[in-house]
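> Okay, handing you the structure first.
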Amino acid sequence: MSVHSASAHASFHAIEWRQQSLHLLDQRVLPHEHRVLEYTTAAEVADAIRAMVVRGAPAIGIAAAYGYALDALAGRDLQQAYHVLAESRPTAVNLFWALERMAALNSADAHTLVAEARKIHEEDIAANLAMGEFGASVLPENAVIYTHCNTGALATGGHGTALGIIRSGYAEGKVTQVYAGETRPWLQGARLTAWELMQDQIPVSLVCDGAAAQLFRQGNVDWVIVGADRITANGDVANKIGTYSLAVLAKHHGVKVMVAAPTTTFDLTLASGDDIPIEQRPQEEVTSLFGHPIAPQGCHAINPSFDVTPAGLIDVIATEKGLIMQPDRDSVALLLAR
Ligand SMILES: CSC[C@@H](O)[C@@H](O)C(=O)COP(=O)(O)O
């Protein structure tokens, strides 16, 4: 069994607060271009979230908290800051959780709000490291993992959720191979997950999304591990479009499914996944590939950014508080009450 080093400190910062401004690594142009953009207003940060400069549920929440702090520093209207940020993307509940936490300190001075945003950022890294250990504990030796989208240091404060479990599992010598689904239409798997794993020298093979069924049928995969954008009271999970199909395929082939998410991703106000708002993104993201048309001109497309996986298809939800085995209303409530 080989043991490798795992670190929460990636060689890049997806989100960085420097003096009085927010710096975001532009995830639209990775991995071939390393471009850092600077933000000084909540409205600009909201645009960055909508445009996918920064993405991934926890990272969206952290960026929104810093965006709110930026307007506090400039003496701008914080109710307006709240609304502009809340309207950036609808599905990841971490965004609304972070804004609520900032708004609860409304009477505080701007520097206290900056400190709170930093705290949200740091707490997310700590949560990922704890989740990584819990999640890795259920993996067998020589585990082969299939993952979807990007859930790594780019999508969080650092380390990652699903990718954090893969990192921790690899550090413990338990993970031998990772398959990364390319994740159309934004190709987070091909551009971001493959890049993060290769930087850490974790063996990764990129596959087309459509290749998952064949891999599972050949018995090549032990666990599907994915992140989440919102988990409802009954354990249903909204995550990147394509997650639901992976869970159905996994069930058919006896592959286990783990969802990794901090408790900030749970929304107990919603009874089930049917109530989760699913972001619909522009058709052009499907009919073209990074600005290059691929479908016939005028072709209609639909582009839901997320889908809902029913709790019954999920074996484990890993959080920083521990594991929820066979998630349902009772097991979710029990863990969150800890
Ligand atoms: C730790 S990230 C968890 C989820 O946010 C992730 O799986 C995902 O679906 C990201 O979607 P994205 O559209 O790239 O923001």
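Even glycines carry a Cβ here, placed using N, Cα and C.
All TrEMBL annotations are machine predictions without curation.
Just so it is clear, the model here is predicted, and its values are computed rather than measured.
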> Per TrEMBL, which one of ARG18, ARG89, ARG101 shares the substrate site with ARG55, GLY56, ALA57, GLN188, ASN239, LYS240?
ARG89
> Under 6 Å from ligand 1 by Cβ, which recorded positions from ARG55, GLY56, ARG89, CYS149, GLN188, ASN239?
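Among the recorded positions listed, those whose Cβ sits under 6 Å from ligand 1 are ARG55, GLY56, CYS149, GLN188, ASN239.
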> Ten-angstrom check, please: count other Cβ atoms within 10 Å of the Cβ of ASP229 (active site, proton donor), all chains counted.
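For ASP229 (active site, proton donor), the 10 Å Cβ neighbour count is 30.
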> For the substrate binding site, please report the maximum Cα-Cα distance among ARG55, GLY56, ALA57, ARG89, GLN188, ASN239, LYS240 in Å.
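It comes out at 17 Å between the most distant Cα atoms.
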> Name the residues of the same chain, 6+ apart in sequence, whose Cβ is under 8 Å from the Cβ of GLY56 (substrate binding site)?
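Sequence-distant Cβ neighbours: ALA92, ASN150, THR151, LEU154, ALA155, THR156, GLY227.
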> Taking only C-alpha atoms and a 10 A limit, tell me which of ARG89, CYS149, GLN188 are near ASP229 (active site, proton donor). These are the recorded positions.
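Cα filter at 10 Å returns nothing.
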> Let me know the DSSP-derived helix, strand or coil state of ASP229 (active site, proton donor), please.
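ASP229 (active site, proton donor) sits in coil per DSSP, no helix or strand.
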